[in-house]
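Heads up, the thing below is written out as structure tokens.
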Amino acid sequence: MNTPLIVICGATATGKSGLALTLAQRLDSIIISADSRQVYREFDIGTAKPTHAEQDLVPHYLIDICSPTQTFTVADYQDKVTKLLQSTPCLSPSLLVGGTGLYIKSIVRGLKIPRVAPQPQLRQELEALGQAQCYAMLNQVDSLGAHKIHPHDQVRTLRALEVFYVTGVPISQQQGEYPPTYPILQIGLDSTPDALEKRIEQRTQMMLTMGLVKEVETLMEKYGSDLPLLNTLGYAEIKEYLQGKMSLDQAKAAIILHTRQFAKRQRTWFRSYREIQWFDPTSVNFLDNVWMTIQQFLA
């Protein structure tokens, strides 16, 4: 499979989806979401999921494929995208679009990911020991893997221990990179902090206007307030509002603040990859410059 792949990445609220929609129509391409929350059904407004009208314009994939109670891993994502790319007719490039850096990295770098299903009972037992002891245990069985994980990063520590206890092999020995052979163009969107902050404020207000509060309320009634996805950006703040812990104005301000912090972390992640070509979506010739780059890539 040598069909070119065009990646559109960057921080949240930089206009990735809008650009992808325009380019996909010009190129007669499909759009593959690289967003870890858009895979879940019913989480629509708070994840800025493409509307049904937008999905009617261009075929979208890896959206609405899981129940909110299901676990969907990076390995699952990699498997599905790889199969999709292999089955796509070699007529035009596919567009991989989103801000979940690890999803994108799993495709463009060809990460080798341990196929170990989550072990709830094991995790519960490890969590009871505390992060300090878990990290010490990891350092004993896989010092190389522990060196790559921050001592306070409970999620990655537990995952590394989980992989070791299930397979008997340290996670560091099960990882690696096998880059794909097809050509890849990576386009990154990055605007000034002031412009991004304004877009974040506008998008937060738009989500509230579209019915984010009702969406969260419905999800809480159906799945309960302990659903892990309800602790993610945009949903956690509205949940606290619905629980009477803050006013709606406070929830809105919290979403804006947390989105800004999240965007900063995303920017740091993506800026570490030299192969990404960066564009400012607020510049006058933004679309023309992106299109010229794509034409040169496809020539």
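Heads up, the Cβ atoms here are built off N, Cα and C, so glycines get one too.
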Region 'Interaction with substrate tRNA' according to Swiss-Prot, located in which of 35-38, 67-70, 191-194 = 35-38
Task = Would you mind listing the long-range same-chain contacts of the region 'Interaction with substrate tRNA' (35-38), meaning Cβ under 8 Å and 6+ residues beyond its ends?
result = 46-47, 49, 62-64, 72, 77, 98-100, 103, 229, 232
Key: Pairwise Cα distance for THR14 (ATP binding site)/THR100 (site 'Interaction with substrate tRNA') [Å, integer]   = 14
Request  = With DSSP as the reference, give the number of residues of the region 'Interaction with substrate tRNA' (35-38) in helix, strand and coil.
outcome  = 0 helix, 0 strand, 4 coil
Ask   = Which state, by DSSP, holds GLY10 (ATP binding site): helix, strand or coil?
value = strand
Query = Reported as an integer number of Å, what is the Cα distance between ALA13 (ATP binding site) and THR100 (site 'Interaction with substrate tRNA')?
reply = 13
Request  = Determine, for the ATP site, the additional residues of the same chain whose CB lies within 8 Å of the mean position of the CB atoms of GLY10, ALA11, THR12, ALA13, THR14, GLY15, LYS16, SER17; present them in sequence order.
outcome  = GLY99, LEU189, ARG199, PRO281
